[in-house]
Structures are given as C-alpha cells and as structure tokens.
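A short write-up of the structure that comes next.
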Amino acid sequence: MDAVGRLKEKGVKVIFVLGGPGSGKGTQCANIVRDFGFTHLSAGDLLRAEIKSGSANGTMIQNMIKEGKIVPSEVTIKLLEKAMLENGNDKFLIDGFPRNEENRAAFEEVTKIEPEFVLFFDCSEEEMERRLLSRNQGRDDDNIETIRKRFKVFLESSLPVIEYYNAKNKVRTVDAARPINEVFESVKIAFSSFDKKVTTNSPGNSSFWRLCWQKLRRRVPVTVAMTASCGKEAPKMDAFGRGYRCFRR
Ligand SMILES: Nc1ncnc2c1ncn2[C@@H]1O[C@H](COP(=O)(O)OP(=O)(O)OP(=O)(O)O)[C@@H](O)[C@H]1O
Ligand SMILES: Nc1ccn([C@@H]2O[C@H](COP(=O)(O)O)[C@@H](O)[C@H]2O)c(=O)n1
C-alpha cells in the first residue's frame with residue numbers, strides 16, 4: 001500500500017499550528033501534547049534533524065534556514081509523511097507548516113489530508129522579536145538579520161495560507177501575546193471540541209489585528225495605510241477594509 005493509503009488506513013487527524021516566528025507555537029504544542037494526547041511534529045525541527053543526519057539535502061536546507069527561506073515542499077512533506085507513518089499515534093499537531101501556498105497545496109495533493117482546524121497564534125512582531133532574541137537555543141536563524149527576513153516571509157507567504165483556511169472557517173485564533181499559562185487557557189478552549197468551533201476568529205491583542213478587525217466589523221470603507229504591529233507600513237485596505245492580512249468573518 002502506498003503512503004496515502006497507509007495514512008488513510010490509520011485515520012490520521014491533523015491540526016496545523018501556525019503563527020509568526022517566536023509566537024509560541026512550540027511552547028504551546030508541548031502543553032497540548034501533555035493534555036490532549038497529540039504527537040507534535042515541528043516542520044522546522046524535522047528539517048534541522050535532516051541537516052544533522054548528513055542527508056544529501058542537508059546543505060540546501062541549512063542555507064535556506066539561514067536565509068529564512070522556505071524549503072521546497074516535496075522535502076518537508078516527505079519528512080512529515082514519514083514521521084506520521086512511523087508514529088503509532090493518529091493525532092498530529094503539525095507546527096510551522098504549511099508555510100506558503102505551495103506547502104499547502106502540495107500537502108493536500110500528496111497526502112489527501114485536510115486539517116481538522118488551524119490553530120493560529122497571533123502576536124505582535126515586537127513581542128516575537130523579543131522572544132526570539134532571548135530564546136538562546138543556539139539556532140542559526142535567531143539573529144536579528146534572519147529574524148527580519150523570517151518576519152517578511154511570514155507576512156508575505158504564510159498569512160495568505162491562514163486567510164485561505166479562514167475563508168473555509170477553519171481558523172481558531174489565540175491571542176499569543178499574553179503569558180504562557182494564559183495563552184494555554186485559550187488553547188484549551190480551542191481544543192475542547194474537535195468538530196465545534198469554540199473560539200471565534202477573534203483578533204487577539206496585537207494592534208494590527210485589532211484594527212483590521214474593527215474596520216472589518218464596521219465594514220468601514222477605508223483606504224488608509226495602517227501601521228502594522230510589525231512596525232512596518234501595512235498595505236492599503238480595499239473598499240471594505242479587507243486588507244491583505246485581514247480576514248473577513
Ligand atoms: N507566551 C509567552 N510569553 C513569553 N515567552 C514565551 C511565550 N511563549 C513562548 N515564549 C518563549 O519565546 C521563545 C519562542 O517560543 P517558541 O519556540 O515556542 O516559538 P515558536 O513559535 O515555536 O518559534 P519558531 O517558529 O521560531 O520555532 C521561547 O524562548 C519561549 O520560551
Ligand atoms: N514548512 C517549513 C517550516 C520551516 N521551514 C524552514 O525552517 C525554518 C525554521 O522554522 P521554525 O518553524 O522552526 O521556526 C524556517 O525559517 C524555514 O527556513 C521551511 O522551510 N518550511
């Protein structure tokens with residue numbers, strides 16, 4: 001039987017855990033594993049393990065990570081597929097994937113798996129930058145130059161993926177700018193039911209998301225350039241406040 005058949009036979013259930021670099025995905029995944037019996041698969045960890053293993057792709061992956069770039073989907077998907085098949089569990093938190101449209105479409109195409117939902121950690125860039133600069137885990141990409149590149153990739157390539165799932169009503173947003181235990185309280189609500197959407201797509205506390213949300217709710221025709229929580233200028237909003245990074249309810 002091929003990999004798709006085996007994943008199907010296992011009845012694999014997947015939750016994508018997304019959010020900017022340093023928003024706390026890994027930290028909260030550890031809590032979810034402890035309380036909800038999932039297996040945590042971090043795409044970044046799998047790629048770093050691949051470098052360490054001395055694989056043929058190692059140098060390419062290392063260079064991409066140093067530049068904050070997204071590794072070709074086929075490489076990451078193979079690692080995820082292998083990890084899911086080798087693990088006895090059937091419930092997986094896939095952290096840091098899909099990172100762009102190519103990741104998303106290729107994963108669906110190759111595995112035929114649709115996520116149960118997407119857990120999105122919403123956090124301002126200022127806070128994420130502070131966290132990454134003090135993470136101290138010896139990661140090559142936790143330096144200010146690469147961090148800025150990762151933020152840019154997140155805004156340009158990863159947020160559209162969250163928008164895609166939001167349009168399918170699959171995103172559960174958590175305000176990740178609060179202390180770890182408070183964030184986990186919201187995570188627990190998101191997980192309290194698998195099929196029922198418990199948290200709304202609320203904006204969290206980051207100023208950018210809150211502003212987007214207010215505009216969307218009021219359906220205010222705006223053509224303003226907002227200052228994003230990243231401290232950069234956000235793209236102009238269209239007639240109904242639907243900005244590049246905003247979700248419509
Ligand atoms: N709510 C929080 N408040 C303060 N610090 C936090 C919080 N959550 C995580 N951290 C700390 O911030 C750093 C980044 O967290 P974590 O590694 O979980 O983020 P991540 O989203 O998985 O990052 P990346 O995408 O870069 O792997 C860690 O040092 C972690 O201990
Ligand atoms: N789907 C992915 C996930 C990660 N990467 C690369 O790994 C880097 C670190 O990822 P973390 O989730 O651990 O922060 C990331 O910046 C990418 O270079 C990837 O290519 N594809």
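Cβ atoms are placed via backbone N, Cα and C, with glycine included.
Positions annotated as ATP binding site by TrEMBL: GLY22, SER23, GLY24, LYS25, GLY26, THR27, ARG135, ARG178. All protein chains considered, the CB of GLY24 (ATP binding site) has 24 other CB atoms within 10 Å.
What TrEMBL records for ARG48, LYS69, ILE70, VAL71, GLY96, PHE97, PRO98, ARG99, ARG139, ARG150 is ribonucleoside 5'-phosphate binding site. Cβ contacts within 10 Å of GLY96 (ribonucleoside 5'-phosphate binding site), excluding its own Cβ and spanning all protein chains shown: 23. According to DSSP, GLY96 (ribonucleoside 5'-phosphate binding site) is assigned to coil rather than to any helix or strand.
According to TrEMBL, the CMP binding site annotation covers ASN103. Residue environment of ASN103 (CMP binding site) contains 24 other Cβ atoms, counted within 10 Å of its Cβ in all protein chains.
Among the binding-site residues GLY24, LYS25, GLY26, THR27, ARG178, the ones whose Cα is located within 10 Å of the Cα of GLY96 (ribonucleoside 5'-phosphate binding site) are LYS25, GLY26. The Cβ of SER23 (ATP binding site) has 28 other Cβ atoms within 10 Å, all protein chains considered. Nearest neighbour of LYS25 (ATP binding site) by Cα distance, taken over the binding-site residues ARG48, ILE70, PRO98, ASN103, ARG139: PRO98.
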